[in-house]
Amino acid sequence: MILPHGPVELPMFMPVATQASLKGLTPEQLESLGCRLCLNNTYHLGLKPGQATLDTIGGAHRLQSWNHNILTDSGGFQMVSLLKLAKVTEEGVKFLSPHDGTPMLLTPEHSMSLQNSIGSDIMMQLDDVIATTSPDNERIQEAMHRSIRWLDRCIEAHKYPEKQNLFCIIQGGLDLDLRRQCVEQMVKRDTPGIAIGGLSGGEEKAKYCSVVRTCTEMLPDMKPRYVMGVGYPEDLVVSVALGADMFDCVWPTRTARFGNAVTSRGTLNLRHASYGTDFSPVDEDCDCLCCRSKEAGGLGVTKAYIHHLTGKETAGAHILTMHNVHYLLNLMRKARKAIIADTYPEFVKEFFGKIYKYKISDYPDWAVEALKTVGIDLQHVPSASECT
Ligand SMILES: [Zn+2]
């Protein structure tokens with residue numbers, strides 16, 4: 001995918017730098033991990049430093065000395081999720097300022113204006129987001145249609161379409177027909193990229209997968225498909241198989257601060273006493289700066305060291321954040337390699353095999369079933385003749 005601040009390779013995971021900073025990492029460290037596109041939150045940047053300061057500095061790239069790409073959300077989701085008093089009307093999202101309680105309104109036009117000031121390489125339309133678990137079908141339908149109308153207003157208000165890429169967001173809850181209607185309308189608007197929104201809100205994984213597959217089946221091949229709010233390694237690997245390209249989530253960085261290491265053998269809670277005397281690397285298969293041995297130019301960090309630091313010293317959170325971000329960026333790099341070599345099914349089998357120690361009965365049903373729909377059979381054990 002070619003973006004104003006350089007090309008990026010798909011599929012990819014985008015770390016979330018909420019306040020123009022990835023918690024626990026400097027921009028240089030993030031760069032050294034190979035990250036070329038990270039996420040900033042419009043809502044937070046709009047509040048502080050605020051639009052006037054962003055205009056004076058010349059945007060968020062300058063603010064955080066980040067010469068690579070930035071994607072910004074519309075600000076809407078943050079408001080609806082952070083502010084209990086947010087109310088959605090046709091005009092926009094109404095809320096009370098968290099600073100002084102004055103009534104404020106985020107419209108599609110205002111969201112575009114803020115993202116134009118931030119100067120993000122990819123900007124997201126303001127959409128009407130409803131939890132997929134909402135029982136209110138009428139409201140889900142209204143939100144889907146409103147999101148299409150708001151996209152039209154965003155396109156109209158976007159000042160720099162030649163240098164900032166606006167992505168639409170497909171809504172429609174778990175209703176596959178609504179999703180199809182939305183895809184049809186959104187694709188007509190011909191935005192440079194397409195997001196599948198409203199997922200990862202606690203819905204059943206099987207339903208998540210059928211929404212992703214339903215949307216990707218109808219989307220144009222040559223446009224990036226971004227599934228918002230997804231960050232668990234298994235979700236990423238399955239979603240890539242279903243045709244998705246881009247993902248973001250705060251989970252890998254947030255969970256690092258609680259002492260959880262995302263590894264090729266699953267997520268390890270390093271606070272557990274059993275790691276107190278475990279002097280092996282955080283992930284034996286990882287070649288990040290922390291996991292690499294001293295001899296190989298790394299830090300030679302052990303599970304026991306992280307166990308010792310967690311909760312007491314911020315260095316523990318920094319080191320683990322670096323490892324977790326590396327793990328996800330690298331997982332997507334390996335997925336890309338496998339896709340190019342036309343060996344993605346083998347990659348998926350090895351990935352699940354390692355996490356579940358090849359105990360097929362432990363594999364999650366939702367993943368097994370979703371992968372079957374695209375011709376990957378996790379439960380198939382090759383016979384001797386196939387191996388030769
Ligand atoms: Zn590592």
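A Cβ is built for glycine as well, from the same backbone N, Cα and C atoms used for every other residue.
Curation does not apply to TrEMBL; its annotations are automatic.
Values in this document were obtained by computation on a predicted structure and should not be read as measured data.
Here is what TrEMBL says about this protein:
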DOMAIN    3-355  domain 'tRNA-guanine(15) transglycosylase-like'
BINDING   Asp73, Ser74, Gly75, Gly76, Phe77, Asp127, Gln171, Gly198  substrate binding site
ACT_SITE  Asp73  active site, proton acceptor
REGION    229-235  region 'RNA binding'
ACT_SITE  Asp248  active site, nucleophile
REGION    253-257  region 'RNA binding'
BINDING   Cys286, Cys288, Cys291, His323  Zn(2+) binding site
Three-state secondary structure, which DSSP defines for the residue listed as 'active site, nucleophile': strand
From binding-site residues Gly76, Asp127, Gln171, the one whose Cα lies nearest Cys291 (Zn(2+) binding site): Gly76
Minimum Cα separation from Cys286 (Zn(2+) binding site), reported as the residue among binding-site residues Asp73, Ser74, Gln171 that achieves it: Asp73
Of Asp73, Phe77, Gly198, Cys288, Cys291, binding-site residues neighbouring ligand 1, Cβ under 6 A: Cys288, Cys291
Non-local residues, at least 6 beyond the ends, that sit with Cβ under 8 Å of the region 'RNA binding' (229-235): 13, 199-201, 205, 208, 247-252, 262, 327-328, 331, 351-352, 355, 364, 367
Candidates Asp248, Cys288, His323 (recorded positions) - the one closest to Gly75 (substrate binding site) by CA: Asp248
Listed in sequence order, residues with CB under 8 A of Gln171 (substrate binding site) and six or more positions away: Asp127, Asp128, Val129, Ile130, Ile140, Ala143, Met144, Ser147, Leu178, Cys182, Gly197, Gly198
Which of Asp73, Asp127, Asp248, all recorded positions, has a Cβ with the fewest other Cβ atoms inside 10 Å: Asp248
Env. residues of Zn(2+) site, Cβ within 8 Å of mean position of Cys286, Cys288, Cys291, His323 Cβ: Pro281, Val282, Asp283, Asp287, Leu289, Cys290, Arg292, Val301, Met322, His326, Tyr327
